[in-house]
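Take a look at the structure set out below.
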Amino acid sequence: MEIPEVLETLLAGKDLSPSAMRETMRKIMSGGATPAQIGAFLIALRCKGETVEEVAAAAQVLREMATKVPVSAPHLLDTCGTGGDASKTFNISTTAAFVVAAAGGRVAKHGSRSVSGRSGSADVLEAAGINIELTPDQVKTCIETLGVGFLFAQRHHGAMKYAIGPRRELGVRTLFNLLGPLTNPAGAPNQLVGVYTDPWVEGLARVLQQLGSSHVLVVHAEDGLDEISIAAPTHVAELKNGLITNYYVRPEQFGFRRAALSELAIDTVAASLKMMRGVLDNVPGPARDIVALNAGAAIYAADLTDSLEAGIRRAEAVIADGSARAKLEALAALSRQFAAS
């Protein structure tokens, strides 16, 4: 199916078959579509509304074309979210990755520079002294040695270069926001995924179900946050043993006091790093609480505990004893060794 035919199909409000979506994505990712065609495709698809089947098919293509990280670790976890929630909070899921590693997990943290926020995961990790420009084998060594490694999306998804310009110029959320958490180059089967809109909470869980994921928590809070919120109830769709369960969690269930999201807001990468370090230094407050909530959910998703509450308590313990902070410093040191070699 040629791109104009794809556009006509979408403009008529019709869904693409999985095979048509895969064919279209392969054209886009191999330079077979013009920037105008890519932009038109993304907007037409969003206006029609992406289906679970379309998103799963697109993710399959990006997974095929990614530069893989050859990690063989059971329960390998990612904490990459869709972004695009416009909350301007510090890097919560990135901070949580070090907490999960300290709790005994293996984390393949997939991320990039900021698109819609003020500090992307790559931005804050680089500011923390971590070398983000590692080879797949070097990332593998970090994960196997320390329990955590950073997979810089731009290095692993080279084919995305064709969509970067149109995506940036459009300046609105598109299919690619949904694809970020679905295309981990290490193939992490366990995930905590934040999503920018409530209808995609169960939708993304269904996509990951189709893609064969093992244990996943997809979350979106009523205040709009693409994390488990300290300020409002959070919708969770949990994929486990092939089944999806929907429920809500509230911070007070786990002994946390609600706090305004404004207390977690940052306007620079440096401010995000300061807040991250404060959490890992066990400074009390809403930043530490929201990381404990989300890291606890990730620990549970990584099958390190048998309940969300037990995961949260484990997260609090490894923050308090300094082992989570030690993981951040160890990754900075090891990644810089690679840069020097």
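Backbone N, Cα and C atoms are what each Cβ position is placed from, and that goes for glycine too.
Neighbour density for H110 (5-phospho-alpha-D-ribose 1-diphosphate binding site): within 10 A of its CB lie 29 other CB atoms from the protein chains shown. In three-state terms derived from DSSP, H110 (5-phospho-alpha-D-ribose 1-diphosphate binding site) belongs to an extended strand segment. Annotated 5-phospho-alpha-D-ribose 1-diphosphate binding site per Swiss-Prot: G81, 84-85, T89, 91-94, 109-117, S121, in sequence order.
According to Swiss-Prot, the anthranilate 1 binding site annotation covers G81. For G81 (5-phospho-alpha-D-ribose 1-diphosphate binding site), the same-chain residues lying six or more positions away in sequence with a CB closer than 8 A to its CB are S93, G180, P181, V193, G194, V195, D226, E227.
DSSP assigns S93 (5-phospho-alpha-D-ribose 1-diphosphate binding site) to a helix. The Cβ of S93 (5-phospho-alpha-D-ribose 1-diphosphate binding site) has 26 neighbouring Cβ atoms from other residues within 10 Å, across all protein chains displayed. Here Swiss-Prot flags S93, E227 as Mg(2+) 1 binding site, drawing on sequence analysis.
If you look up Swiss-Prot, you'll see R167 marked as anthranilate 2 binding site. In this view, R167 (anthranilate 2 binding site) is surrounded by 21 other Cβ atoms within 10 Å of its Cβ, with every protein chain counted.
According to Swiss-Prot, the Mg(2+) 2 binding site annotation covers D226, E227. Around D226 (Mg(2+) 2 binding site), taking its Cβ as the centre, 30 other Cβ atoms fall within 10 Å, counting all chains. Reduced to three states, the DSSP call for D226 (Mg(2+) 2 binding site) is coil.
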T89 (5-phospho-alpha-D-ribose 1-diphosphate binding site), Cβ-centred 10 Å count of other Cβ atoms over all protein chains shown, is 24
Listed in sequence order, the residues of the same chain lying six or more positions from R113 (5-phospho-alpha-D-ribose 1-diphosphate binding site) whose CB sits under 8 Å from its CB are G120, A122, D123, Q154
Between the C-alpha atoms of H110 (5-phospho-alpha-D-ribose 1-diphosphate binding site) and R167 (anthranilate 2 binding site), the distance in angstrom, to the nearest integer, is 19
